[in-house]
Each structure stands twice: as structure tokens, then as C-alpha cells.
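K.L.:
The structure that follows is given in the form of C-alpha cells.
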Protein chains: 2
Amino acid sequence: MASIFNIQILIFFFLLIIFSILRPTQQQQQHPLDPLTPSELNLVQTILTHAYPTSNNNLTFQYVGLDDPDKPTLLSWLSSHSTTKIPQRRAFIIARINHQTHELIVDLSNHSIISNQIYKGHGFPLLTFDEQIAANALTLAYAPFVASVSKRGLKINEVVCGSFAVGWYGETRNNKRVVKVTCFYLDGTVNMYMRPLEGVTVTVDLEEMKIIGFWDRLTVPMPKAEGTDYRESEQKPPFLPPLKKITVVQPDGPSFMIDGHRVRWANWDFHLSFDMRAGPIISLASIYDLEKQIFRPVLYKGFVSELFVPYMDLDEEWYYRTFFDAGEYGFGLCAVSLEPMRDCPENAVFMDAYVVGQNGKPVKMSQIFCIFERHAGDIMWRHTETAIPRTIVREARPEVSLVVRMVSTVGNYDYIIDWEFKQSGSIIATVGLTGLLEVRGSKYTHKDQIEEEVYGTLLAQNTIGVNHDHFLIYHLDLDVDGDSNSFVKSNLKTTQVPDHGSPRKSYWRVVSETAKTESDAKIKLGSKATELLVVNPNKMTKMGNHVGYRLIPKSGAGSLLSDDDYSQIRAAFTKYNVWVTPYNKSEKWAGGLFVDQSRGDDTLATWSQRNREIENKDIVVWYTLGFHHAPYQEDFPLMPTLSSSFELRPANFFESNPVLKVKPPQDVMRLNCSILKVV
Amino acid sequence: MASIFNIQILIFFFLLIIFSILRPTQQQQQHPLDPLTPSELNLVQTILTHAYPTSNNNLTFQYVGLDDPDKPTLLSWLSSHSTTKIPQRRAFIIARINHQTHELIVDLSNHSIISNQIYKGHGFPLLTFDEQIAANALTLAYAPFVASVSKRGLKINEVVCGSFAVGWYGETRNNKRVVKVTCFYLDGTVNMYMRPLEGVTVTVDLEEMKIIGFWDRLTVPMPKAEGTDYRESEQKPPFLPPLKKITVVQPDGPSFMIDGHRVRWANWDFHLSFDMRAGPIISLASIYDLEKQIFRPVLYKGFVSELFVPYMDLDEEWYYRTFFDAGEYGFGLCAVSLEPMRDCPENAVFMDAYVVGQNGKPVKMSQIFCIFERHAGDIMWRHTETAIPRTIVREARPEVSLVVRMVSTVGNYDYIIDWEFKQSGSIIATVGLTGLLEVRGSKYTHKDQIEEEVYGTLLAQNTIGVNHDHFLIYHLDLDVDGDSNSFVKSNLKTTQVPDHGSPRKSYWRVVSETAKTESDAKIKLGSKATELLVVNPNKMTKMGNHVGYRLIPKSGAGSLLSDDDYSQIRAAFTKYNVWVTPYNKSEKWAGGLFVDQSRGDDTLATWSQRNREIENKDIVVWYTLGFHHAPYQEDFPLMPTLSSSFELRPANFFESNPVLKVKPPQDVMRLNCSILKVV
């Protein structure tokens, strides 16, 4: 009796396991753009380790991600209303195999490597966390380094190190794959970035995993720990007066539906994916047109293609800090778990993602995206009409939008990446900068002492906040009502009026230029009043206007480095704020596929030298959202968020205001709330 | 018994009346910057009608507002911790008396006119609603106009008119005080702005209140009513899918305190006033410094000084449309009641205001301001630290800010004016544009038919959205930690590195220039990377940095009209985005005190020609937030809000991040809510 019972339990558990294995595929159909699942990642790992057994091969996975189906294949699948078999799933892998960079494609259906190429050009793949950790550990155990720490009267067990990409500064020989390790000091704070171990640099060869360089060049006082910790537990009174509780409530739950990675909300439908390198990828965003009663495509794909963060300090320990946060560190790899109620509001839902470790095994990253409806108190549209006798008209609609958020913490800095969708058709991409500055240790304790160039602001005693920039370049593959689009610059041009032609002497008019080739579409913002449009020259409104979307930039910051500067050559995409290219599946990464120590031979700027035709083609817009950052004392020890954004806004896309027919919310919604749980 | 009872009732009511009269003064002490109360407005009216009895004088009140105490007087009162008697209350009145413009000052304590000057210069005061209504009524009863309406097959009782300021186009003789009346058509819509009675213009002499000009120059088809009404009741299915209920809840009420017109919230303390011309005025904004344990001044006064809205159409009916919405129409006078739950979120509180009618009697305007805490889901600051062995640090603080909102509906357009205060010390001024375009009737029904200049976009059949601009100039009397301030341009300058000086070839450094005189501070944004700072050269942080605030513009749009154009001469303040002047009590209105038909002799540009010293002085920053508006079909028949903003952000004002010591919200706040009432 007992044994039968045990067998029943075993059968039960067996079925349970089978069920839980099968469940994911039963629950939802996979979308061709879904990121690789843990089992797909495991499969890739198995296939590669089978091909290159680690017993006699040195194999590390630097990048694993979905190899997107070709655009025509995907569009054809979509046009079949997703009823046909999904296009072949493939993985794209960048691996270091026996000290060479391989680009591989694995077919996930027939479990085979269908492409395997050794990359011989300049530049190296993403750094893995594992190799950074190993390089840091090497440094901490390195006797000369330990001596340097000791010489300064510091405790080695309070030192934490970071591995920094070294850039390229004109070397002509083939470089080794190395990082520079630079270290920081805890000892009474978790904010070690405010306590740099200035003057000591260790170079680590990542392939040999050994130290190949060590410099202890100068000693400056260690900035003090006091006042640097940002944890609540470490703060002493007085505190700012606490605010009364405030929360957003959706008694009937959210208005969006998430089906796998497909998000539907209000009149929007899009796919949200995750990539180790790019972070969030918005694909196939289309909006329902009430009048035409169809979904109309807007954005085939949008993501942060690269981040360039050059520091403006020429000293030995600093000159090379010209980081490419996506191509060197992985903007997605550096994503962090979002904290409910703090990183995202009460009504947010969260989504996990998977990356791979250096060994190729999937690693779950929890709560990497949050998705929520934003009810900020803004007005979607309104009007009060008082001019009509015996009538007062007042109509107003509150704005509610949908936000997709990820935070990537690339070492010291936290980048808040928001994609916001409005019912009016606007997509707003916002970047918030917060986290910790990269500061330089210094002997100075007061500005009056400073007579040399210190490359920044004295933020606290012995602490210089070094000047730098953040340039985020967005890949925006707009498909406005179809994939054949043109880029139009609508210049607002002052026109003189001939004498006696009118009492006016001038006015402006819109002079539109359609960019024929790539060189026509390179734009430095700021000098001219220009509206930037992507139009579909094959589709018109009833009035005869080409349907379009506008790019409304809110920042026109561009790189201030000289064109011949090595890091500027690598980040040549920052020379213009806007570029337009014809769609090319391989042109994803504005700084190149292999960015670590790249030499600028595979960038948006080099691709564009071909000056290809872009009129009435499938085009991609590249926009750089830039920040110049000269630090202020308020940024110490942790900076309050500084935001900027751009808007993609329909421009003759609809026949008329698409949110006129939004029902106002039910009137006088008052909630009687009791607090269930306050921890 | 019955009679005694009646006497008791009478006594009760008498006491009740006395009590209600006394109550306002008992409840709260008046602040010297409070707007004039109804009883003060009544007093002004009584004093002026006593001086100029309307039996034998033609007296109209064009503007009545507080005559601010002199700044030294007010600062001295403040430094006494507001314990001394408040400075003398005075009213400033602009009246038309027997067809002359008078500037009067009334002392409200001794009930006397202490100044009465006749203005003989160019320009006229604000238009009153009463005279606009009268001019419109005259037009509707004017036989030739009625005939024009009839000739077009339209019904006179469906016509609604508006009075338009006429501008100045180089006339050298003294102009009459006139408006041009232009009309619109209802007949099946409340959105008459989409149905202009194109081609008919009536000129009305406001002083004689008679028609002095009538033109019926051309006939174009009346755009149809269909598709123009924006009222919910008039919409036909299909509708956009309704969103589920979403609301913001503060179970313990708001965190701000409003005492009369003084608002205290978190670390902020400011005064909110209302002015017929400017709308909201933020005064005496100061922020509590946790470290110094004092409130430190930031903004002595901030308000929208003028709005310039030039249309870009040269035709007879349009060339003169170059409006100054504050100086001609009264940006405060055009404020509209805000609708709870739609114009402002659920947690908003509202404030009323008073204006005067043409007869000088106070008119209550209900719910003209709303004040609410904004919980938009943004992150105030955050960091995740993963580099420390055996420790994961994650600290994040959600952003909650305070918003003061007013909406001014100047005829067709609705301007949403937000002043947002952040605990980090930032003040963000945002302008949202919504409401109705000013469109031109046209014979065209498709773009292909258009071969002439039409000055805009064909939005719907027979409807051209005319190109125009909106320039809002803010008067920002910053008093950064005291009233002696300097304006600093921190230019980010590319610096070439000599060969072999560093592996780098370039970097940028901050080259700061302190503006000595007004001409140093005129700035056209866009061409250079410059940080704009107001610093207190007499106050330093411990590190030796001058305490300051930055102005961070998000729009650099400036006027595109030629300098010699008449309306540009009147709006010469739009030539630069930024100006700085020494404080001068009389320099409030960037387009001049008398803007209607002004000739540009009293503008920010003329004041600045004196090129006064502005270093280490009490200075005022003027910033123009501009929008170029080339309409798109989505703006028809009512435009979704388009926003822009600027930020005043502390820059070495605090010793360190002032929101580090914000307590995180109580964790896991879950509310059990039941809906009390859904109407």
C-alpha cells in the first residue's frame, strides 16, 4: 500500500516535471523576434562545446543573441497574420575560440552551426563579466599592487577593482586583448567610486589572463569616506521632511496585455525583446487607425545601438577613458533588477531576461524590464470655448501613456531607458542619467589652490568630477505605413517680402528637401530651424499629404572632440546628430560590431561614405541623444537624475487627431482605500 | 414670543454677517504679494469712480493689479521674519478715462490716488472682454456684414465673431484704438475656429464703439462642420478602446500646505499669485538647506512676461495676425476653470482668482490654479552596486514633485502653464500647447490643386492650418542665495593637444565668461555648447565654487522674422533666446507696458540698448521658450498637446546632492480600494 502510494507520488512528480517542461511552448506561440530562451541558449552552448570541447579548446562566449530573421522573411510571416510556421530560429554567437574571435550562426531547429567565421580585423568583442572579475582578482593578488596599497596606508581587503576598456590611440601594430584595471577604496562606504586609488594602473592580458603592465605613477590623498555612502541605513539626521503616501491605483488591473514578448495596449501593438548588447529592443510597433480600422506600422525596430562616453582628462590614468558602453560592456548585460515601488511605480509589471555567462550557460536576470501605465497628471488635449453665446464648452482628456523601462548600470553610471507610447501616436524615448560620477583623486581641498588644468570640478575634498559626455545613438528603423520611406528636411526659411507686396516685410515658409543619398541626411542640429520627417512617398492622406512621422529632438549636443582624435574616429557617429542609411541587416552597431579597441573602420560614418541612395527605400534613422556633463557639487556623491528625450510624432500619418475619440475617464472616481500592508 | 424669536434671528444673522466679513483677515495674515482681494478691487473701483464719476466721464478699467512693494521694502519685511507690519498695499491701474490712457496708483490703506499719469506714447492697454464682446455684437448687427453672410448662403445666427488686435505696420500717424473683427461659423459644430468666414473683415473703433471699416474681399467655400466637433457627446463610434481606471491616491492627503497664497511643500516655500496680465506669478521661492538648516532664496519672481504669436500669412485678412497674448489679451484674464480629474489629477487642489470687468468690479474666476503632487513613475536617483564582493547594494528613490498649473485659453489656443518644483532644487517650467488652430478657409480640397503659396498645410477640405510661432518669454528674477548675482556663460571649448602631449588629440574644457554688461548676455542658442549659470559671486561652497543655478533650455527656437519687420520690432525680445538685465521694477513686460499697436519703443531690446552693468548686481534673466508650428493633419480639429520646457537646476548651490537624505517611501504599500462613487 505504502509502495503503491510512493509510485503514485513518483508518477505525479514525473508528470509535473514533464508538464512544466512542456508548458512554455503550450502557453504561447513563440514569436520570431523573441529573445533566445534558456533552452535555446543551452542548446547553443551544447552545440558549441560539442564542436569545441573545452577539454582541448579555450572557448568563451562573448555574445549570444537572436539572429533576426531577414526582414523580408519576417514581413512575409507577418503578412500571413502569423499563421504560418515561424521563420527558422537562429542564434548569433561571438566567441573567443583558442584566442581568435569567431562569428557563428547556429540553426536552432536542426541544431547545427551554419556559419563559423574567424574575424581577423581590428577590434574585439564585448568583455565578459567573468574575465573582468578575473582581471580584478589578479590585480588584488599582485604583489606590487598590494605593496602600492600598503604604501598608501590602505587596507587591501577594502580595495575593489574595475576593468576598463583601453580604447585605441593610433597604435599600428596588432593589439592584444587587454583591459586596464583601476581600483577604488571602500573602508566605510559602499561608494568606492568616490574613492579612487589614483595613480595606480594595472594592465591585464585577457587571453593569457596575466598582468602585463603595472604603473604606480603618483600618490594623491584618498578622498574620505564620510558623506559618500548613499544607503538609507547610513544616513544620519536631519532628513528631508517625509512626504505623505502617494500611490497610483488601478483597481481593475492594467490596460495592457503581455503575451510572451508582445505587448498590446490601447491602440498600440509592439514586440519587446532583450539583447545582451542593446538592452531593450522595440520591434514591429504599429498603431491602430480607427478610421481605416487597421493596424499601421510605425517602427520596425528601435534600440540603443551604442553609447560613447569620453572623459576629458589627458593624464596617464585618464586619457584612455573613452568608453563604448554597449559595444565594450553590453548595455543589456549591465541591466539591473528593478525594485518595485522605487524604480517603477506601484502599477508596474516586470519581465525577466536571460544572458549567458562566459561558459555559455544562461543566467536569469530578474525584473529587468518594467512596464506600466503612466498617469502623470498631464493633459492629452483640451479646450474651453467661451465665445459661443449661452454655451460653455469644456472638453479635456487626461494623458495616460505606456512606459517600458530598463536600467543599465555600467559600473558607476545608471542609465534609465524609457520607451513611452502615447495614444496620440507619439513614441517618446527618454534617457535619465543617475548613479555615481567617475571622479579623480586630487590633492586639492579648495578651488583656490588649483592653478593647473584639472579637467573638472572640485566636488568635495580631494575629489574632482571629471568633465565628460554621454552620447546614446538610437537605431530607428522606421517603417512608416510600409517599408519604403524617404527622409525629408522641412527647412523653415525666412522669406523677404518685396516692398508694397504686403504690410509685412517677412515670413517663414516650409521648404522641404527630400534626401536623395546618405550625405543629404547628415545633420548637425542647432543652427537651422528644420523639421525632420520620415515619410512614405507612396501613401498619401485624403488631402494629398505624404504620411509621415517627425523626429523631434530635445538635445542637439554633439561631440566636441576633433575629427582626427582617435576616439572620435571610433565614435565618428557622434559627428552628426542625425544620419539616415538604407536598411542593411548587418548595420546594427553604430560603433562597429567589434568595438573594444576598434579603429573606426566599421562605423556608421564609414558605412555612410558609400553615400547610398535613401529615397523611397527601406531606411534607418540614427539619432544621437547627447549630454555634455560638466559636474556640479550636487552630483556628489550620487547624482539626481538628469533627463533628456526625443519624440517620434505622427505628421500627416493620420487624417486627423487620432485621440479625439478617446472616451474621458469615468467622472468622479473616488476610491476608498485602506492600507493592506505597510512593511 | 414670536417677535423676540425674530429679533434673535436678526441678531444671529447680523453677527454671522459681521463674522463673515471679518473672517478673511482673522484666518490668515495678508502677504504683501497677495493679489488684490475682492474688497481691495472694490475699493479701487469706488475710489476711481468717485474721482471720475461715470455720469460725466467715460471710464473703463483695462488692467488692475497689485503694485508690488519695492524690492528693498519687501526684502526688509522678509528679513524681519514677516513680523512687522506688511508694506503698504497699493494697486496699479490702467484705465481709459475720456479716451486717454491713465496709469494710476491707488494707496489701499489711505484710500487715495497717489499717482495719476496720462500716457501719451504709442500703444494701448489690454483689451477688455466687454469691449471685445461689444465689437463682436456690433459686427453681427451691421447690415453689410449681415448681407455678406447671407450672400454666402449662411445663417447669421450661427455666426460667432472674435476681436483681433491689429498690430502696427509702420504707420506714422497716431493710430486709433481699433480691433479687426473676424468671424466664424457654428451650424453643426462648436468648433467654429475650423470654419472661418474667410474674406470678411470689420474694423471697429473701440473708443467710439463703431464700425469704421468693412471689407468683403473674397469668398471661399465654408469648410464643413463634419469632423470638427470635439465634444464627447458628438463623437460617433468607433471609439478608441477605453483604458481601465487609473488614479493617484494620497490616503493621508497632500504633503503641501497652502496658507493664503503661500505654498509650502517638502523643502520648498514660495508664494503663488495671480495677475490679469501674466497669469501665475511665483515669488520668493526658497529651498531649505538641510546642511545649513536655513531656507535659501532661489527665485524672487518668475512669470510669463509676454507671448508673441506671429502667423506667416501675408494676405489682407492675415498679415496683421502677430499677436501678443499677454499684453493684448491678458494671459491671466484668459485663464479658464480647470476640470478636476481631467485638467488636473485626482489629488489636485484648486485655487480661485479675481479679475475685474471693464467697470472695475471684481469677477471671480473659479479653479484657475491647481496644485498637485506629481507621481509620474520617474526615478529621483538610483544606483545598483554589484562590484563589491558578497554585497549587493541597490538604492533608489522615486520622484515626487509639486506642480502648479494654469491653463490660459486665448481664443482658439490653450496654453498649459506648469511650474514644477523638485526636492532636488530643480524648478521646471513647462508649456503645453493644445486647443484649436487658427485656420484659413481655402478653395482647395486636395494638395495637388495648390500651385500658389498658401502659407500652411491643407489639413482638411477647404482648411489650411497656417504656419505660425509661439514665443513665451519668462521673466526670471533669480536671487541665488541673495540678490547680487552674476550671469556666467560656461563655454565648452575644444582644445587641441600638442603632439606627444598625450595619446589624445583633443578634449573640451569649460571656459567661463562672466557677463559684464547686458550685451555680453544676449544669447542665440544652438550654435555653441554653453552652460548658462546665474551665480552669487559673494557666496561660495566650502570647496570654493560660486553658488549658482543653471538654466537648461530644451528649445532654442527663435524668431525667423527679419529685424526690420514691424512685428519683429515690437517683439524684438525674440531676437535672442536669453537676455539678462539689471533689476528694474518698471521692466516687467518684455513687449512693453502698452503692447496693443505698440511700436517697439518700450521692449526688452530697447531697455537693453543702454548696455547696463550686470555683474554682481540684482539681475533678471529673460528666457524665450519658442515653438515653430507648421501644422500637421493630426492638429485638426484639435491638437494633441505639444510640450516644451526649461529647467532651473542647482549648480554648486548645495554642497552635495540635496536629496540624498530623502527617506524612501514605506515599502510595499498596497491599498485595498473600493470605488465609492462612479458617476
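Cβ atoms are placed via backbone N, Cα and C, with glycine included.
Below, the features straight out of TrEMBL:
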- B:Asp325: active site, proton acceptor (ACT_SITE)
- B:Tyr413: active site, proton acceptor (ACT_SITE)
- B:31-118: domain 'Copper amine oxidase N2-terminal' (DOMAIN)
- B:125-217: domain 'Copper amine oxidase N3-terminal' (DOMAIN)
- B:247-660: domain 'Copper amine oxidase catalytic' (DOMAIN)
- B:Tyr413: 2',4',5'-topaquinone (MOD_RES)
- B:1-27: signal peptide (SIGNAL)
K.L.:
How many of the residues that make up the domain 'Copper amine oxidase N3-terminal' (B:125-217) does DSSP mark as helix, as strand and as coil?
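P.N.:
Looking at the domain 'Copper amine oxidase N3-terminal' (B:125-217) with DSSP, the answer is 27 helix, 28 strand, 38 coil.
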K.L.:
Should B:Asp325 (active site, proton acceptor) be counted as helix, strand, or coil on the basis of DSSP?
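P.N.:
The residue in question, B:Asp325 (active site, proton acceptor), is coil (DSSP, three-state).
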K.L.:
Hey, how far is B:Tyr413 (active site, proton acceptor) from B:Asp325 (active site, proton acceptor), Cα to Cα, in Å?
P.N.:
10
K.L.:
DSSP secondary structure for B:Tyr413 (active site, proton acceptor), reduced to helix/strand/coil, please.
P.N.:
strand
K.L.:
B:Asp325 (active site, proton acceptor) has how many other Cβ neighbours within 10 Å of its own Cβ?
P.N.:
23
K.L.:
Return the count of C-beta atoms lying within 10 angstroms of the C-beta of B:Tyr413 (active site, proton acceptor), excluding that atom itself.
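P.N.:
B:Tyr413 (active site, proton acceptor): 24 neighbouring Cβ atoms within 10 Å.
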K.L.:
Could you tell me the mean pLDDT over the domain 'Copper amine oxidase N2-terminal' (B:31-118), as a whole number?
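P.N.:
Mean pLDDT, the domain 'Copper amine oxidase N2-terminal' (B:31-118): 95.
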K.L.:
Reported in the order helix, strand, coil, what are the DSSP residue counts of the domain 'Copper amine oxidase N2-terminal' (B:31-118)?
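P.N.:
Computed counts for the domain 'Copper amine oxidase N2-terminal' (B:31-118) are 23 helix, 32 strand, 33 coil.
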